Amino acid sequence: MLKVRDLVVAYGGIEALKGISVDVPDGQIVTLIGANGAGKSTLLRTIMGLVKPRSGSVEYNEENIKDLNSQHIVSRGITLVPEGRRVFPNLTVLENLRIGAYLRKDEEGIAKDIKRIYELFPRLEERNWQMAGTLSGGEQQMLALGRALMSRPKLIMMDEPSLGLAPLVIKDIFNIIRRINESGTTVLLVEQNANMALKVAHHAYVLETGRIKTEGSGRELLENEEIKEAYLGKKKK
Amino acid sequence: MELFQAITNMTAVSFAQHMVNGISLGSLYALIAIGYTMVYGILLMINFAHADIVMMACYFALFGITTFHIPWYLTFILTIAATALLGVIIERSAYRPLRDAPKNSVLISAIGASFLLENLANYLFSGRPLHFPDIPFLSSMIDLNGIQVQAICLFIPVVTLACLFLLLHIVNHTKTGMAMRAVSKDYEIARVMGVNIDNIISITFAIGSALAAIGAIMWGIRYPGITPYLGVMPGLKCFIAAVVGGIGNIKGAVIGGFILGLGEILIVAFFPQFSGYRDAFAFIMLLLILFYKPTGLLGEKMTEKV
Ligand SMILES: Nc1ncnc2c1ncn2[C@@H]1O[C@H](COP(=O)(O)OP(=O)(O)O)[C@@H](O)[C@H]1O
Ligand SMILES: [Mg+2]
């Protein structure tokens, strides 16, 4: 579905991505783990059209989307749940969901999807008319997820959805990610919380200062000694 | 004591007279202040050219009626449309190319746009004051139980409030308004939602400039001496009104406009000896608000755009 090839992205003179290739096959959950500053967010922002790469290609369903602007990328079925949630604090919960469906014209479908998201996150329905800025961190993350789903994405990219959340909430979020994927949406998940992320992943990449260091199935990486030490906080025996 | 004397010296009739004057001036300030606050809300910049957009609208209306002999009501509609277009053109040519530049560059460009409009008007229309044409009924004086008012004064507050309610409806209850609010908080994520930022910014300038045109037309009827610099002082006061009300907040701009307009007129009415300082009132209000409530009356805490 998504093929990233030899992608180089630079901010000013500094290369944040130094030529990386990533494949996201249809229907899977692909995870990218890496330390702070490795370039994870840069990859997602580049795919989304928010940052223009220096070289390389981003192919989505055989089409090169590298030079499209975000608006056209969204309309092709890609969306992003950004790092730090970034819900619109001055919009109500309902409006945040509605703006997720900004490019859609099917009012009935939108109403149905809002209902579906409220079934997925009952806490949000209770806060329907509240300004999103007044929600707790976990609620904001759910809203950011719901907002992304409102565009009916085929590929949903998530940037550290567990960041700063309580362990119980994180468990909820990962359950939801699994459910979103089971309903047919492809997921590209970026995480520092490697343990949880690798458990849900079909395939995973390890990113280190702008380069792919290793890749493999989620289980392979979970059992890889080096990764255990570097990302799972377990010492080699 | 002095205030007490001043009030008791004033008859009910002359008090009513001053109130009418103050409310209509306040309404005009409010209409213009909305434009400053909307642009600030979305671009975080002071659109210095806004004052000159008001001036240009006065000339559009003046020439439409006197030179082109277009019926006044049609002229007003064309003026509003042309002014909205002018606002959009200024945004596209002076601000859009600097979208990713530092804020100071955009401010300098705004000052440049303002000078350009003033000098263009000076060159094309001469610096000599031109007389805004008399509009049937609206320009005439009427007598309300001894209060002498220009008929337009009865319409100004009504038109202003109607514009305010329409605008609040657009901003709070339409899809475009929702996008405007989203863009004002987070450009990048608004883009990720599929919002075309440039369109939304253009719409903001069009609305702000259209309201300025409505204000300008009523200004011309009320104060018919039209010069290339007529926007400068009201523009400054309207910007202050927007700051007093809480910059970025539409209702705040309207409240600020009313406070400044009414305050200015009433000070002169109660203390004729201070009438030379009437323009200072706005600046005193600005100092007071910056000192006691820097975010303005209805302002929220400033959040930097990410
Ligand atoms: N807007 C930016 N301007 C300049 N450098 C940036 C910008 N965003 C990220 N970087 C740099 O690019 C590198 C990768 O950052 P990022 O993609 O945010 O990493 P991660 O998401 O893995 O923490 C870091 O060195 C960071 O400092
Ligand atoms: Mg990041």
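Positions of Cβ are set from backbone N, Cα and C atoms, glycine also.
Feature annotation from TrEMBL assigns transmembrane segment to B:28-46 (among others). With a threshold of 8 Å between CB atoms, the same-chain residues lying at least 6 positions outside the transmembrane segment (B:28-46) that come near it are 53-54, 87, 95, 103, 106-107, 110, 156, 160, 163-164, 167, 180, 183-184, 200-201, 204-205, 207-209, 211-212, 214-215, 218-219, 222, 234-235, 237-239, 241-242, 245, 247-250, 252-258, 260-261, 305.
Sequence annotations record features per position, and here TrEMBL assigns transmembrane segment to B:76-94 (among others). Tertiary proximity for the transmembrane segment (B:76-94) is limited to same-chain residues at least six positions away from its ends with a CB under 8 Å from its CB atoms, namely 35, 49, 53, 56-57, 60-61, 64, 70, 109-110, 112-113, 201-202, 205-210, 212-214, 216-217.
Within the same chain, residues 43, 45-49, 51-53, 55-56, 59, 90, 94-95, 98, 228-229, 232 sit at least 6 positions outside the transmembrane segment (B:106-126) and bring their C-beta atoms closer than 8 Å to a C-beta of that stretch. Taken from TrEMBL, the feature transmembrane segment covers B:106-126 (among others).
Taken from TrEMBL, the feature transmembrane segment applies to B:146-171 (among others). Remote same-chain residues near the transmembrane segment (B:146-171) are listed as 13, 16-17, 20-21, 23-24, 27-28, 30-31, 34, 135, 137-140, 177, 180-181, 207, 211, 214-215, 218, 221-222, 250-251, 254 (criterion: CB distance under 8 Å, separation of at least six residues from the stretch ends).
Sequence annotations record features per position, and here TrEMBL assigns transmembrane segment to B:200-221 (among others). Note on the transmembrane segment (B:200-221): residues 27-28, 31-32, 34-36, 38-39, 41-43, 47, 50, 53-55, 57-58, 60-62, 76, 79-88, 90-92, 96, 132, 135, 138-139, 150, 152, 155-156, 159-160, 163, 167, 170, 176, 179-180, 183, 190, 230, 234 of its chain, located 6 or more positions outside it, place their CB under 8 angstroms from a CB of the stretch.
Marked as transmembrane segment by TrEMBL: B:227-247 (among others).
If you look up TrEMBL, you'll see B:254-274 (among others) marked as transmembrane segment. Residues 2-3, 6-7, 10, 14-15, 18-19, 21-34, 160, 164, 237-238, 240-246, 281-282, 285, 296-298 of the same chain, all 6+ positions outside the transmembrane segment (B:254-274), place their C-beta atoms under 8 angstroms from a C-beta of that stretch.
Per TrEMBL, transmembrane segment is recorded for B:280-299 (among others).
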| remark: Same-chain residues at least 6 beyond the ends of the transmembrane segment (B:227-247) with a Cβ under 8 Å from one of its Cβ atoms are 28-30, 32-37, 40-41, 46, 48, 50-55, 58, 118-119, 121-122, 125, 127-130, 219, 253-257, 259-260, 264, 279, 282-283, 285-286, 289-290, 295-300
| remark: In the same chain, residues at least 6 away from the ends of the transmembrane segment (B:280-299) whose Cβ sits under 8 Å of its Cβ atoms read 236-237, 240-249, 251-252, 255-256, 259-260, 263-264, 267
